[in-house]
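Annotation comment: TrEMBL describes B:361-384 as region 'Disordered'. Summarising the annotation, TrEMBL assigns transmembrane segment to B:47-66, B:73-97, B:103-123, B:130-148, B:193-212, B:243-266, B:278-302, B:333-352.
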């Protein structure tokens, strides 16, 4: 039985005269890996930013687990259970790897100024739990040995992993990854694929933007295709791959 | 590992104990070494007040990365609040329960009121960054001073440019800090008493700073400084966390201001000019933004150096030229300015920078390349 986790309907987003998204609707089911593809400039990242609260859509409906998230701030979206990574890595570069993940748990913890200053048993326990969970997450994505390193000094692949660990620290129901394999070599891409399958197996639904079509076809349960701000196809990979409109969008039409 | 930690702990304890003894006997040592020991002690008292200010500004500028050029306004709020509640100036109109509140209540009040001002002045600037934020906060700082200067009409609240005088000294447990107290055969004069009082608050504020730095709140501040959008996308309510930084920073300033008013016995708008904000900012930047020991060092150096120069320049001139060639006041600022420039050239991250800051100002070539790529992608993304 499939259970709808996220659904959007008729999302419109304009930047001045540019109609970046027009009437986009889609549903993501619980437990699946949902892919989003499309040519450059199709509006994938715009849609992604709408789904994570970074952009406020002009019109449309956006519900997540029955909760209305239309035009909500990013921190509210995260609190509801959607976490993201960035296409152009945006770590807290001058914080350590461990601290980056600890920041991710901000939204799930409570200690305020008084707790921080007095460091009463409850605050102390919470701080300890944050540290333990963060160390656990670093091990989970496989960079436990870099915990005390500044994030800026990590290798590119490790920075991508750290972004995923930081996003997982917010206890998401839906993890949204914006081109996580960009700039990775085949070995790193393969490791990343395994990591995503592990995350899904642990009960987190994944929304994925990626250019690597081979990776997407092998990994995703369902795929949506965007072109010029419109959804032109949606379905299982096989179906999407053979859709004439998708082929047209990517390759153009053969002259008669 | 554990043995090493224990060793370190023992070392720290010994170091702290030595420091405590030094600080405890400092007033007497100054009196013994210098003829004008009391004027030196006065300089030390002011240095302690500046440490509190610098630590407050450090929260806003060093941790949260919000460049505030009007910080002295909160010092003014604390000082004027203390002055109004503890002087004859408004006695006639103040309700009895509000005049001369008990000392601790007064200090909490100063912290809270200054904190509220921090939120009030911080909230319109939430969307601003960098230069724009600096300009607006500079304006707010001046507005507060100008208010103090002009609020003698139509209702006389601040007594305008003349300022408020006859502020009563602190009273704790029946002891009047304005009069010498005999204890253990020693005579504690007003300046000694205030030294210990201000020192106690200074220690408290250092403690609060350290605790905040290593907490969930402190991490959120630094995350905002590093990347506000990413911090927001990781679930941090950037608006509230920034306002909290403004409020905490301002409350430190308020406490320092209240102590200043009672120590000085007199406040006027002249004490809260833009130059003071700049000086406090210098302390933070010079010492090492975001690093508590660095900021303390910066505050001590910036506030003591002018005093030191004053005591050196005159005798030096007399010895070399046999007469006063230049006014020491002018030369003092010149030398001071030069020293600042040299320090910033030689140690751009500050005298005692945090680990973070040091790494930031010495980027590896790889990092620069990465950053450039980042900004390129950012530009692309905006077109997407």
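Any Cβ shown, glycine's included, is placed from N, Cα and C.
Small disclaimer: the values here were computed from a predicted structure and weren't measured.
When the stretches B:47-66, B:73-97, B:103-123, B:193-212, B:333-352 are ranked by Cβ pairs under 8 Å to the transmembrane segment (B:243-266), first place goes to B:103-123. Taking every recorded stretch in B:103-123, B:130-148, B:333-352 and counting its Cβ pairs under 8 Å to the transmembrane segment (B:278-302), the highest total belongs to B:333-352.
Contact count against the transmembrane segment (B:193-212) (Cβ pairs under 8 Å) is highest for B:47-66, out of B:47-66, B:103-123, B:130-148, B:333-352.
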